[in-house]
Amino acid sequence: MGTDTKGPKPVASPASSVAASEILDVDGSPISGESLQYAVPESRKIGVTGAVFLILNKMIGTGIFSTPSSIFASTGSVGVCLLMWAVAGLLTLSGLSVFLEFGLAIPKSGGEKNYLERVYRQPVYLITSVFAVQIVLLGFSAGNSLAFGRYVLLALGYNLPDGWPARTIAVLCITFVVFLHSVLPKWGLRLTNALGVFKVLVLLLIVFSGFAALAGHRRVPDPHNFDDMWSIEKGDGFGGGGAYAYATALLQVVYSYKGWENANYVMGELKHPKRTLSIAAPLAVVGVTILYVLANVAYFAAIPKAELAKSEVIVAGLFFRNMFGESAAARSLPALVALSNIGNVLAVSFTHSRVNQELAKEGVLPGSKFWASTKPFNTPAASLLLHWIVTVIVLVGPPPGPAYNFLVNLYTYPGAWINGLVAGGLIYLRLSKTEEWSSPWRTWLPVIFIYLCLNMFLAITPFIPPNDDWNADGYPYYAFPLVGTGVLGLGAVYWVVWTKVLPRFGGYELVAERVLDETGAEVVRYRKLSARNVPSSEGESSERDSLLRENTTAEASADHGSYGAIH
């Protein structure tokens, strides 16, 4: 920290270097920088209970009520399906341990962004650009919003496939959520917590109804799904997909668990972040794993295999019908699932908008000053707007049809590459003596390796052709891995344009200096550097690149609340 007692206090020497640079406007006239201040009121900070529900709300969303259909259709085995859900819970705990080690060592908002930047420091900001494009373009809430629309229609008595009625409701859903988080942030968190309690109760209702089904209390004949449960069958709409089918099934199970890392994205808004995260995250993940396995047992106890394989996103609705019959009470239960879906949208929008804002604070996004702003409600309204724009485009863009599974896979797939890079980076930090890595949480090295192998499996096997129809789900089998990988490649292209092309031909650069003032509030000051600071030949390094390298090194060992100058 600096020694001045007045005004912003830069915590690393690069800040002073940037501040001393000649600052010119587009027309060449000197300008003063524009500052934005970020301070989360203590009353809005999140404790252990809030962090648990923030994680629960993202984990328990669409997945457990929708994906069991496609998972069974891919595998054709009851036993394999249940084993996948249990193993995925253990693998999720391994990933959680990796993220706890990083998160407790670098307790800053942004999640994987900070962990990747700690490891992959060269080329400067290449990994930041790749992550930024992935999280902005694919960090949408389309899957959960669409499922919300489908379940609302089901509750009203319309069992409609994916189409414009469901998508219209989905757009209204994400619009309401973004408005609430932007204008009434306290109520947004309160609703998130309330729906977290609610969706646990819904899952418990399914679990205990499943126990009743096993005892013979249901409206349909016994489906006998647990007779020879480990056999792998091929029937009407299920089985026979090969390695590709198993890979996509596991990818969708992982999707259903996705959200365990949610609190890592908002570390800067947690009360006592190290203590809060280390308690809330394991508690939420263990509880959800138990509920997920038992919920799948319930589904198999009441739904015949052929019906389950063809039920798409309305698995829970079909379960309720078979348990309670075609009645008003049965139709009301899908409405409960719809509320669970909107709870997930609330949690995803809250955290992903914070990641978008962190990227904007560093000048990574075009129009960073706008996206990083907290005006006019002292909330990340602009970054929430960015999340809304991408989600709506994804909702209305694909043609009507089986879009849900495609969105699930597209949302999840690039994360396999990102998480693989995080796991591989932690192995490097642990084995490299020069890195001097330390964290209050330590993950057993074989656990990190298992998590790395899982993500590499999920990243590579979707490119293996299935044994059956290559377009069985309405899209070519290679569509989602190709698009997902292409988005990561687009991040590399963006890095070239942002750090190489624009500095050379644009005449100036917008840079962002992050400091803490005397109250501990974060201040981001945007400036424009003149063209004389841009390299004029291949052998030269710009002042900006030099500062970035220094800052990356400085931040690698910074503790919570410390910010160096950035960009």
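Cβ atoms here come from the backbone N, Cα and C positions, even for glycine.
What TrEMBL says about a protein is an automatic prediction, not a curated fact.
Beyond the transmembrane segment (46-65), the same-chain residues lying 6 or more positions past its ends with a Cβ under 8 Å from any Cβ of the stretch are 143-144, 147, 151, 189, 192-193, 195-197, 199-200, 203, 252, 255-260, 262-263, 266, 269-271, 275-277, 279-281, 283-285, 287-288, 291-292, 295, 313, 315-316, 337, 340-341, 343-348, 350-351, 408. What TrEMBL records for 46-65 (among others) is transmembrane segment.
The transmembrane segment annotation in TrEMBL covers 71-104 (among others).
Residues annotated as transmembrane segment in TrEMBL: 124-144 (among others).
For 164-184 (among others), the entry in TrEMBL reads transmembrane segment.
The annotation transmembrane segment is assigned in TrEMBL to 196-217 (among others). Packing against the transmembrane segment (196-217) from elsewhere in the chain are residues 52-54, 56-57, 60, 64, 287, 291, 294-295, 297-299, 301-302, 316, 319, 322-323, 333, 336-337, 339-340, 343: each is 6 or more residues past its ends and has a CB under 8 Å from a CB in it.
Taken from TrEMBL, the feature transmembrane segment applies to 237-257 (among others).
According to TrEMBL, the transmembrane segment annotation covers 277-302 (among others).
Summarising the annotation, TrEMBL assigns transmembrane segment to 333-351 (among others).
Per TrEMBL, transmembrane segment is recorded for 377-398 (among others).
Annotation comment: TrEMBL describes 410-431 (among others) as transmembrane segment.
Here TrEMBL flags 443-465 (among others) as transmembrane segment. With a cut-off of 8 Å between Cβ atoms, the residues of this chain six or more beyond the transmembrane segment (443-465) that come close are 91, 94-95, 97-98, 100-101, 242-244, 246-248, 250-251, 254, 409, 413, 416-417, 419-420, 423-424, 426-427, 430, 477-478, 480-481.
Beyond its flanks by at least six residues, the transmembrane segment (477-497) meets 123, 125-126, 128-134, 137-138, 244, 406, 409-410, 413-414, 417, 459, 462-463, 465-466, 470-471 of its own chain at Cβ-Cβ distances under 8 Å. The transmembrane segment feature in TrEMBL is assigned to 477-497 (among others).
Annotation comment: TrEMBL describes 535-567 as region 'Disordered'.
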Contact between the transmembrane segment (277-302) and the transmembrane segment (124-144) (at least 3 Cβ pairs under 8 Å, separation 6+): no
Distant-in-sequence neighbours of the transmembrane segment (237-257), which means Cβ under 8 A and at least six residues beyond its ends: 59, 63-64, 67, 70-77, 81, 84-85, 88-89, 91-92, 285, 288-289, 292, 305-306, 308-310, 405, 408-409, 411-413, 416, 457-458, 461-462, 464-468, 477
Contact ranking winner - 124-144, 164-184, 410-431 against the transmembrane segment (71-104), Cβ under 8 Å: 410-431
Spatial neighbours of the transmembrane segment (124-144) far in sequence, C-beta under 8 Å, 6+ residues away: 61-62, 112-113, 116-117, 170, 174, 177, 341-342, 344-345, 348-349, 352, 355-356, 359, 362, 364-365, 386-387, 390-391, 394-395, 404, 407-408, 410-411, 414, 418, 421, 484, 487-488, 490-492, 494-495, 498-499, 545, 548-549, 552, 567
Long-range neighbours of the transmembrane segment (164-184), counting only residues six or more past its ends (CB under 8 A): 141-142, 145-146, 148-150, 152-153, 158, 191, 341-342, 345-346, 349-350, 353, 377, 379-381, 384-385, 387-388, 391-392, 395-396, 400
Tertiary contacts of the transmembrane segment (410-431) (same chain, 6+ residues out, Cβ under 8 Å): 95, 98-99, 101-102, 112, 115-116, 118-120, 127, 131, 134, 138-140, 142-143, 251-252, 254-255, 258, 437, 443, 445, 448-449, 451-452, 455-456, 458-459, 462, 480-481, 483-485, 487-488
